[in-house]
Amino acid sequence: MEGRVKNKAPAALQISAEQILLEAYERKETPLQQTEQIADLEELAEYQGRKRQEYEGALRRNRLNTGQWMRYAQWELEQREFARARSVFERALEVNSTHVPTWIRYIQCELKEKNINHARNLLDRAVTLLPRVDKLWFTYVATEETLGNIAGCRAVFERWMHWRPPVTAWAAYVNMEKRYREFDRARGILRRYVTVHPGAPAWNKWAKFEMEAGNRDTVREVYALGIDTLVEMAHGGVDFLDESLLAGWASFETRHREYERARALYTYGLEKLPKSKSAKLYADYTAFEKQYGAKEGIENVVLTKRRSKYEDQLKEDPADYDTWFSYITLGQESGLEADQIREIFERAVSNVPPHSKRLWRRYIFLWIKYAIWEELENKEVEKAREIYKTCISIIPHKKFTFAKVWLLWAKFEIRHGNLPEARKILGRGLGMSGGKPALYKGYIALEAKLREFDRCRKLYDKYVEKFAEFAAPWMEYAELEQMLGDEERARAIFELAVSQPEMEMPELVWKRFIEFEAEEENYDRARAIYRQLLDRTHGHIKVWISFAQFEVTVPAEDQELQYNDEGEAEIEVTEEAKARARSIFGEAWDALKAANKREERVVLFESWREFEEEHGDDKSKADLDKRKPTPVKKKRKLEDGTFEEYIDYVFPTDEEDKSFSKLLENARKWKLQNQS
């Protein structure tokens, strides 16, 4: 009894089986491996033969395994069998001559064994075969330079340059010449470099070189030549001109106390380059003027140049409305007087475009900006009203109109307490435009904000009468009545909408009608609408599926709805709802079967199966599987006498019906024979 454990509480430190296994694995001892001893040349030859057979066997199974080739060659090198190693490398290159790591390993092995000529031959072969692989060229030039063969290195670089390589190759060539103080050669290379890569980075690199190896005049010549070249490439434009080139030149002049030269360069850049491409240049110029000039001087210079640029552009194309917008914004931001800004506005709106609505869109926004500026910034209410009137008078309303202008004018009058005038404006707009949908919507939204719902109804009556073929006005009208709590009026509007003989996208109205009845908890009415829609669409498959899915969402009469955090009702699917949905699926199945719509039945089966996966049990799933169609390939004869294959479906229930019908027919024949 004394040996019995009295404290049966769990130990403070619990050890799991996983910990035991992990500790055992970590403490396992490495098995001793017997070192293979080779006693004589015969054993060595046998060992080498065996290893070669292993490598050759592996390569016969997979010749494309480049790693295996290189391991084979490395092993031969370890055996000091250089001829065999070369043979392995050559065979590997025959399999894949474009594999760069194989070339590099082959070359490195030759260099390691000090077989210089072999390595040179390999490098020459490699760059001849793969002239676009920079790594091979870099290896080649590094080898020649390491060997002290500068002339040979230069010759390799020249061969490389004929292929117009990337900028890193040119930079390496220039740096090589700089290391040996061959500045004239480096300068010649840079001339060719900017020809092949004529961007701003190349010119900056050349200018930086001249700062180290040349003098001020040569630096200026390089910068000037670079800017002239880039401008000429763009046929006098600035598409290729980069702010870094101008900023670098200006910084160079600043370091040498040539402040006027630097200021001229900054001014030139800000004048020529667009704002999106001159942010750094402007920042540098600001810092320059803070240190060496006056802030007012900067702003005046920049604004003057900008205005000059806009004026030049507008002389070429007075109808460039984007430039007019930029010009007006510049005037507002620079603090021009109101009369000066008004003059720019008047000049802009005087350029009336031809009667093309595409061109008029930007033009109309000039008028809108003008009117808003007069009203809100200048507080000139009468002037703003005159602008709206003038704008309306010049629009060719017989061809097109702009609902936005009418609505903004009406809102302007409302802001200034003139509601009757606003209604007159919108009524006039509807009359002159023939009733644009956007104008109807804006007018109705305005009256709704004012809580004038009777006026909204009158407007909707005209709206749906004018655009009876559109679904949107009908749905918006019904939603208004639903919001006002008039269920009967909303239902009447929906019924009138679905009775329209022609309508674009009528399915939207039907869908919203069903949702309306569901929201009002009139589920029997919703079912009746589905039946009506099935008659209208001749039993369309999508309607059947939607009908079945709807039944799942219908709660039981005594069911209490639960609401989530977002206020949405969460309905628990009852067995009664599942039964109703299955009934609809079954009815749809029979209807499609009677109409011989096989493909639609397949779609219905997939939807039914998804329903059963989510809501069904084993029995319902098994019952549905009995209906599963089987795809079969069949042939049919075309009009030209040829045959084509197509996929048909065989339904098990159809085959059972055929078998049962045949059984009844045989029974009838047997009965007739017995009676006779």
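Each residue's number is its place along the chain shown, starting with 1.
Cβ coordinates are placed from backbone N, Cα and C, and glycine is handled just like the others.
Per Swiss-Prot, compositional bias 'Basic and acidic residues' is recorded for 616-628. What Swiss-Prot lists as region 'Disordered' is 616-636. Feature annotation from Swiss-Prot assigns repeat 'HAT 1' to 46-78. What Swiss-Prot records for 114-146 is repeat 'HAT 3'. The feature repeat 'HAT 4' is assigned by Swiss-Prot to 148-179. What Swiss-Prot records for 181-212 is repeat 'HAT 5'. Positions annotated as repeat 'HAT 6' by Swiss-Prot: 215-255. As annotated by Swiss-Prot, repeat 'HAT 7' applies to 257-291. For 301-333, the entry in Swiss-Prot reads repeat 'HAT 8'. Among the features that Swiss-Prot reports, repeat 'HAT 9' is placed at 336-369. Here Swiss-Prot flags 417-449 as repeat 'HAT 11'. Here Swiss-Prot flags 451-483 as repeat 'HAT 12'. According to Swiss-Prot, the feature repeat 'HAT 14' maps to 521-553. If you look up Swiss-Prot, you'll see 620-652 marked as repeat 'HAT 16'.
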Practice task
With a Cβ cut-off under 8 Å, give me the same-chain residues at least six positions beyond the ends of the repeat 'HAT 5' (181-212) that come close to it.
Solution key: 154, 161, 164, 167, 170-171, 173-174, 218-219, 222-223, 225-226, 229-230, 233, 240-242, 244-245, 248-249, 252
Exercise for the section: State the residues, same chain only, that lie 6 or more residues beyond the ends of the repeat 'HAT 12' (451-483) and have a CB under 8 A from a CB inside it; answer 'none' if no residue qualifies. Expected result: 430, 435, 437, 440-441, 443-444, 489-490, 493-494, 496-497, 500, 502-506, 508-509, 512-513, 516, 519-520
Fill in the blank from the handout: Sequence-distant residues near the repeat 'HAT 6' (215-255) by C-beta distance (under 8 Å, 6 or more away from its ends) are 194, 198-201, 203-204, 206-207, 261-262, 265-266, 268-269, 272-274, 277-281, 284-285, 288, 292
Handout entry: Helix, strand and coil counts within the region 'Disordered' (616-636) (DSSP)
Key = 8 helix, 7 strand, 6 coil
Problem - Other parts of the chain folded back onto the repeat 'HAT 8' (301-333), taken as Cβ under 8 Å at six or more residues beyond its ends - result: 267, 270-271, 282, 285, 340-341, 344-345, 348, 351, 353, 359, 362-363, 365-366, 369, 373
Handout entry: Whole-number mean of pLDDT values that fall within the repeat 'HAT 11' (417-449)
Key = 86
